Amino acid sequence: MFEENSIDTGAAETLDTGVAPIVENGFAKMGLAPELLAAVADLGFTQPTPVQVQAIGQAMQGEGAGADAFIDLMVSSQTGSGKTAAFLLPVLHTLLANKAAQSKQPAAGPRRNPMNPRHFKAATPGALILCPTRELAQQVAHDAIDLVKHCKGLRIANVVGGMPYQMQLQKLQNADLVVATPGRLLDLQRSQQIKLDQVQFLVVDEADRMLDLGFADDLAEVHQLTANRHQTMMFSATFAPRIQQLAARVMRDAKRIQVDSPQEKHANIKQVLFWADNGHHKRQLLDHWLRDASIDQAIVFASTKIECDELASDLQQAGFAAVSLHGDLPQGLRNRRLMALRGGQVQFLVATDVAARGIDVPTITHVFNFGLPMKAEDYTHRIGRTGRAGRDGLAVTFAEFRDRRKIGDIEAYSRQRFTAETIPGLEPKARPAPTGPRRDFGGKGRPGGFRGHGHDKGNGFGKHKGFGGAKSFQR
């Protein structure tokens with residue numbers, strides 16, 4: 001949510017007094033509510049990131065000047081740059097101001113059981129944040145809860161599919177801010193469990209992924225249901241034409257903020273490429289890397305759900321603390337596995353693109369692209385799972401020669417060339433052709449897949465001395 005900040009004291013000689021220097025809190029200059037500043041301080045952050053500097057001030061520009069004074073914002077910023085706080089802080093600040101204005105009114109009576117039909121009242125949130133995946137929505141809601149710990153009476157609700165309706169209905173009662181995925185939100189709206197006509201602030205996070213997952217019509221419906229809102233903020237990896245078309249449909253003269261372009265992203269993440277002759281060779285390369293003692297925690301990306309489960313199972317049999325994460329798993333199980341990752345009980349998370357969206361775990365030091373993404377821009381989101389909050393990270397990509405077109409697409413999108421490396425004893429037997437027009441590449445290696453390699457023999461994950469037997473992972 002935030003990015004760590006370092007203080008450059010320069011080369012000048014200083015007197016060591018034994019007292020830590022006083023660092024002025026950069027968030028205090030933004031006019032944020034004291035309750036929010038206290039929460040930010042509790043989280044250990046003192047200086048806003050570039051996207052926070054640019055977005056927060058402009059998002060709060062209309063405060064106290066009427067609904068028409070707010071401006072819509074269209075923001076492009078890399079994963080891990082602090083963009084979540086860039087929209088949460090101004091929204092929460094304005095909700096607090098509204099609460100203060102309403103405090104002069106008679107206090108509401110005691111909260112009654114919302115499950116009793118006589119006491120039921122549809123939720124009427126003042127702010128709505130839409131996320132493309134359940135995991136991202138839960139992460140954003142978690143961050144919001146951290147920020148309102150000192151805010152009296154400000155309630156946060158998380159609405160996603162795959163979770164029991166009754167539990168979510170209880171949390172929706174009197175919610176001021178709702179963080180939701182579009183499908184479950186509209187289900188609740190159609191059943192009159194929630195009304196959106198009083199939403200003043202709408203945030204669309206990862207708009208590019210929203211379109212990838214087919215939520216364009218749902219966004220249009222939410223746009224109509226929140227027609228009286230004061231402000232819309234949209235965050236996306238790029239300002240691609242389709243994103244601009246979406247913005248034209250749901251925003252009013254949006255101001256653009258672009259903190260960095262694709263080629264400037266992830267400067268703190270080293271990216272390397274290993275060419276493989278076939279799927280068996282890729283497994284050997286991954287086998288070698290997983291024994292790297294510098295790995296704290298890592299995400300291994302697979303191309304399919306089947307590949308995800310099989311690879312996680314092989315890692316478990318080899319003695320690693322590994323689990324899979326993909327869209328076919330029950331939401332409760334997905335939540336428990338993410339909690340285990342954050343708690344340090346899991347070292348390797350084997351995931352698909354959609355399931356891993358929104359994972360924010362600072363101790364993820366490595367990302368392994370075992371299967372390549374379908375879209376070049378998804379590569380950027382993948383590697384953004386490491387190098388969080390300004391830390392250094394390492395992204396390792398394994399590619400078969402038949403994947404050279406995809407590698408070329410990734411290089412073209414990011415405007416940077418991969419550094420191809422080899423491991424002594426595991427060098428590819430063939431050489432990759434230059435990336436470019438598709439053509440057949442010779443060789444008889446079995447393409448991809450995990451079947452047909454025997455049991456422990458040759459698949460790179462047998463219980464051999466390289467892994468040293470079973471082990472547990474603890475931080």
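Cβ atoms are placed via backbone N, Cα and C, with glycine included.
TrEMBL annotations: computationally assigned, not manually curated.
The domain 'Helicase ATP-binding' feature in TrEMBL is assigned to 64-257. Annotation comment: TrEMBL describes 285-431 as domain 'Helicase C-terminal'. TrEMBL lists 426-475 with the feature region 'Disordered'. Positions annotated as motif 'Q motif' by TrEMBL: 25-53.
A Cβ distance under 8 Å defines the sequence-distant neighbours of the motif 'Q motif' (25-53), meaning residues of its chain 6+ beyond its ends; these are 1-5, 60, 75, 77, 81-83, 85-86, 89, 92-93, 96-97, 146-152, 257, 259.
According to DSSP, the domain 'Helicase C-terminal' (285-431) comprises 61 helix, 29 strand, 57 coil. Per DSSP, the secondary structure of the motif 'Q motif' (25-53) breaks down as 18 helix, 0 strand, 11 coil.
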